[in-house]
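According to TrEMBL, the features are:
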- 1-16: signal peptide (SIGNAL)
- 71-161: domain 'Saposin B-type' (DOMAIN)
- Cys75-Cys157: disulfide bond (DISULFID)
- Cys106-Cys117: disulfide bond (DISULFID)
- Asp194, His196, Asp274, His459: Zn(2+) 1 binding site (BINDING)
- Cys209-Cys214: disulfide bond (DISULFID)
- Cys215-Cys246: disulfide bond (DISULFID)
- Asp274, Asn315, His423, His457: Zn(2+) 2 binding site (BINDING)
- Cys582-Cys586: disulfide bond (DISULFID)
Amino acid sequence: MNVFLIFLMTLCSGFAEYLISSDQLEVVFEKYLRNAELSPSEYKLQEDIFEILRRPTYMTSKTQFQSEVRSSLDCLLCRSAFSALFQLVKEGANDEDLTQALINICTILNIESENVCRGAVGLNLHIITYIIRNTPEATSRNFCGLVLQRADNPYFCTNDDPRFEWQVELPEQIEDKVPSISDGAPLTVAIITDTHIDPLYEPFGVAECGEPTCCRKGQTLSRSYTYTPITNDVDPAGYWGDYRNCDTPKWAFDDVIDRMASSHQFDVVYYIGDTIDHSVWETTYDMINETHLYLIEKMRKSFGDNVLIVPTIGNHESQPTNQFAPPTITAPKLNTTWLYEALLNKWDYYLTNEAKATFRARGDFSRLVRPGLRVISLNTNTAYKYNWWLVYDPLEPKRHLDWLVQELYKAESAGEKVHILTHIPPGVHDLAYVWTREYNRIVNRFSSTIAAEFNGHVHSDEFKIFYSLSDGRPINVAWGGGAATSYSNYNLNYKIATFDPSTFEAQNIVNYVYNLTEANLTPRRRPHWFQLYDMKNDFAISNLNPETMDRLVHRMVTTDTNLLDLYSAYYSKLSDTRWPYCNSECKIDNLCKIVTTVLWQREKCEELRKEFYSKHKA
């Protein structure tokens, strides 16, 4: 019996009479979903479980032990609930009845409002039930092992499905390499990601709405909101965005694009995905199409036809959010082909015929942007842990990586350098472990071809260093783009990067932001954009190559800890609601993300932690 259950019984009087088994929970969930009558003991178990899950203080326990207890309970409940759902689906239960039952559970547990529960369940359940009905290998462990995957513990809520263990084939190194090709012209790239445009943003509206995304038309103040004792009032949503769980107003997005166009000269734009807002419970095909069209039309009009835009797909682009089906799925409201076709129609101007063909197939493409430099836009969303279709076909992410290997090998053979754009960065808990491991092998194999990588998704401003699998040398750097949204607790930003005209490695990266607090004080005046940092000058480094960036990270924890403070401030882009509250442990955690490119491989992280605390003993 797990220790968390014993602790749970002593913690909560409701569990003092019995131990809980997964079988008991499955029976309770199954009967609840059936709307069947529960026995007195089953009813008591249901109420006790619901009571525990309603307690927000239990979710945010102060002790690590209690946190582990809650996590283990989450795993047990997840598996039990999914097992019950599996059983009912296989017995012929229809989606309509199951939807209502799940909405009831969602609202009873106060997971979200009835509106959010209804929307989220309604958009997702038909995909889950399709997978259950059509995938003999699918189990509750598959689903729960993915959605509850953690960055710090590979043994938590494990998934033992052998289908999730695969390996890409890597070609042998080319012995007589073709010399690198370049016309020697300078290259400047503008980088923007995670715009999350909210067409329903309401300035001075409700920013404490009790839903996942606020500041939207029609929302009301959360019933759980506690008024300030002095003014008995609540701050309204800002005009230029809001640090709380609010996305980007159209006019704020317009200002980002206009500032980029008027303040800088650049040759190419890397747009690294996530155009759609976080209102995941009420997305529609029409809204997604309209927002994507708005983004590309604004960018093209402001930047002009002579500036190439290289886009990448984010996990928020799809309907429903996060769902990327393999191309074998063609049924309406299940397939993702609709998204690739829709984006192809909007991005057509910027894609070659070859790029259009691969993009139409799976959302990936590769194109030469100038002599000697190829950009590969890789769709990482198929490996996202919240993509239900991973349970249906765990090999689909492998096919994307197989294609990446082919493109890199062709580039290597032609003497080209490559920039890789991926929305979700490597090494994070959002991506399936095997994907992070295999991507790391690919980067190792083609480190001499890959000149730079760029990611989005996390909204913070960070970078990642890849290390050689053979001798531990730093071999590559992936640069985060930050985000052009304030969601949540960030300032908006964009970056301007310059590259060596022969190697196409980054020479310098400069980040531009505006302070949201200041901007909202004068809503009728455009925000004051300023240079947050110049990477080379602010961190006193001569270049941005992997060796230099690795030395910089170690300096941050040993000789130059002032740079650690600087990195921490820049990490949130000087957010008024983040960086002042980041203590030493928080700062080291941020550094750990830099040196972790394979999920659960935290040796480099622990090395940094040891170096820091040996220098700063209490």
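Cβ from N, Cα, C; glycine included.
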Chain-internal residues, separated by at least six, CB under 8 A from His459 (Zn(2+) 1 binding site): Asp194, Gly482, Ala483, Thr485, Tyr487, Ser488, Tyr490
Long-range Cβ environment of Cys106 (disulfide bond), under 8 Å and at least 6 residues apart: Glu112, Cys117, Ala120, Val121
When distances run from the Cα of Cys586 (disulfide bond) to each of the binding-site residues His196, Asn315, His423, His457, the nearest one: His457
Lowest local Cβ density among Cys209, Cys246, which the record lists as disulfide-bonded residues, within 10 Å: Cys209
Chain-internal residues near Cys582 (disulfide bond), provided their CB is under 8 angstroms and they sit 6+ positions away: Ser568, Tyr571, Ser572, Asn590
Alpha-carbon spacing, Cys215 (disulfide bond) to Asp274 (Zn(2+) 1 binding site), which is rounded to whole Å: 19
Among Cys75, His196, Cys209, Cys246, Asp274, which are recorded as recorded positions, the nearest neighbour of Asn315 (Zn(2+) 2 binding site) by Cα: Asp274
Among Cys75, Cys117, Cys157, Cys214, Cys586, which are disulfide-bonded residues, the residue with the most C-beta atoms within 10 angstroms of its C-beta: Cys214
Those residues of the chain, 6+ apart, with a Cβ under 8 Å from that of His423 (Zn(2+) 2 binding site): Thr193, Ile272, Gly273, Asp274, Thr312, Ile313, Gly314, Asn315, Asn379, Thr380, Asn381, Asn455, Gly456, His457
Cys75, Cys157, His196, Cys246 filtered to the recorded positions whose C-alpha is within 10 Å of Cys214 (disulfide bond): Cys246
Other CB atoms, at most 10 A from the CB of Asp194 (Zn(2+) 1 binding site): 27
Spatial neighbour of Cys246 (disulfide bond) that is closest, considering only the disulfide-bonded residues Cys75, Cys157, Cys209 and their CA atoms: Cys209
